[in-house]
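Visitor: Take a look at what Swiss-Prot says about it:
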type	residues	note
ACT_SITE	Asp51	active site, proton acceptor
BINDING	Asp51, Gly52, Lys56, Asn119, Asp120, Lys130, Asp149, Thr160, Ala161, Tyr162, Ser163, Leu164, Ser165, Ala184	NAD(+) binding site
Amino acid sequence: MKIAILYREEREKEGKFLKEKISKEHEVIEFGEANAPGRVTADLIVVVGGDGTVLKAAKKAADGTPMVGFKAGRLGFLTSYTLDEIDRFLEDLRNWNFREETRWFIQIESELGNHLALNDVTLERDLSGKMVEIEVEVEHHSSMWFFADGVVISTPTGSTAYSLSIGGPIIFPECEVLEISPIAPQFFLTRSVVIPSNFKVVVESQRDINMLVDGVLTGKTKRIEVKKSRRYVRILRPPEYDYVTVIRDKLGYGRRIE
């Protein structure tokens, strides 16, 4: 099997450790930083880092490429193994003993160009700026208006990222939906809405505000169009992986009080 290993820039040592182990059984055809430019074509991409590293690596992957993450960051929703579990991973790889999750991208079109996001796209004001009136038009429906600091449009993958911190729901990865979450809205009852993923969303503000794609500032714009992309990656998990256990252990959600 031809494998690419991509790592966070300060995790080269951990990457070399995995390369040494993996290369005993498979051909490592690429080894480098996840944020380096260029596409990666391999049978499997191994990522060393946290969720941010996985997001960068996913955009370099060809459609449908399986990816597996080794945790070397903080929360690690998109990582599946620890470095200590390398032998366990190799055994799972020999037998292809994985659970697979399909994680799809959203496509964002604006005057800044076309972008892909696995987590979310955010339009928000500068810290020193005033609140902004934002119009959100969902395909086949009339517009919604928010007077807020901004708005986040996220995938199910991104529901445990920025959207969660501003009161959005946790969405299981298998759900085919998009989440629209206003940031610090003026009206308390203005909450997140969840829509079918095949609906296009147009967001327009009264003035130029910051656009962030997967947390990375790309510039300022007034208008974006967001829709589900055809691009996707496959995240490999150990066979016993359970999403509820993950959100309970990492977020404390649904934890039993003793």
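Any Cβ shown, glycine's included, is placed from N, Cα and C.
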Visitor: Out of Asp120, Asp149, Ala161, Ser163, Ser165, point to the one nearest Asp51 (active site, proton acceptor) in space (Cα versus Cα); all of them are binding-site residues in the record.
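Guide: It is Ala161, whose Cα lies nearest.
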Visitor: What does DSSP say about Asp149 (NAD(+) binding site): helix, strand or coil?
Guide: coil
Visitor: Across the record's NAD(+)-binding residues Asp51, Gly52, Lys56, Asn119, Asp120, Lys130, Asp149, Thr160, Ala161, Tyr162, Ser163, Leu164, Ser165, Ala184, the largest CA-CA distance in angstrom?
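Guide: The two farthest binding residues have Cα atoms 32 Å apart.
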Visitor: Can you name the residues of this chain that are 6 or more positions from Lys56 (NAD(+) binding site) yet have a C-beta less than 8 Å from its C-beta?
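Guide: Counting only residues 6 or more apart in sequence, the Cβ neighbours of Lys56 (NAD(+) binding site) under 8 Å are Leu6, Ala34, Asn35.
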Visitor: Find, for the listed binding-site residues Ser163, Ser165, the residue with the lowest Cβ contact count at a 10 Å cut-off, counting only other Cβ atoms.
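Guide: If we count Cβ atoms within 10 Å for the binding-site residues Ser163, Ser165, the smallest count is at Ser165.
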Visitor: Compile a sequence-ordered list of residues in the same chain as Asp149 (NAD(+) binding site), six or more apart from it, whose Cβ lies below 8 A from its Cβ; state 'none' when nothing qualifies.
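Guide: Long-range Cβ contacts: Glu124, Arg125, Met131, Val132, Ile183, Ala184.
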Visitor: Show which residues of the chain containing Ala161 (NAD(+) binding site), separated from it by at least 6 in sequence, have their CB under 8 Å from its CB.
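Guide: Within the chain, Ala161 (NAD(+) binding site) has Cβ neighbours under 8 Å at Asp51, Asn119, Asp120, Ser154, Gly215.
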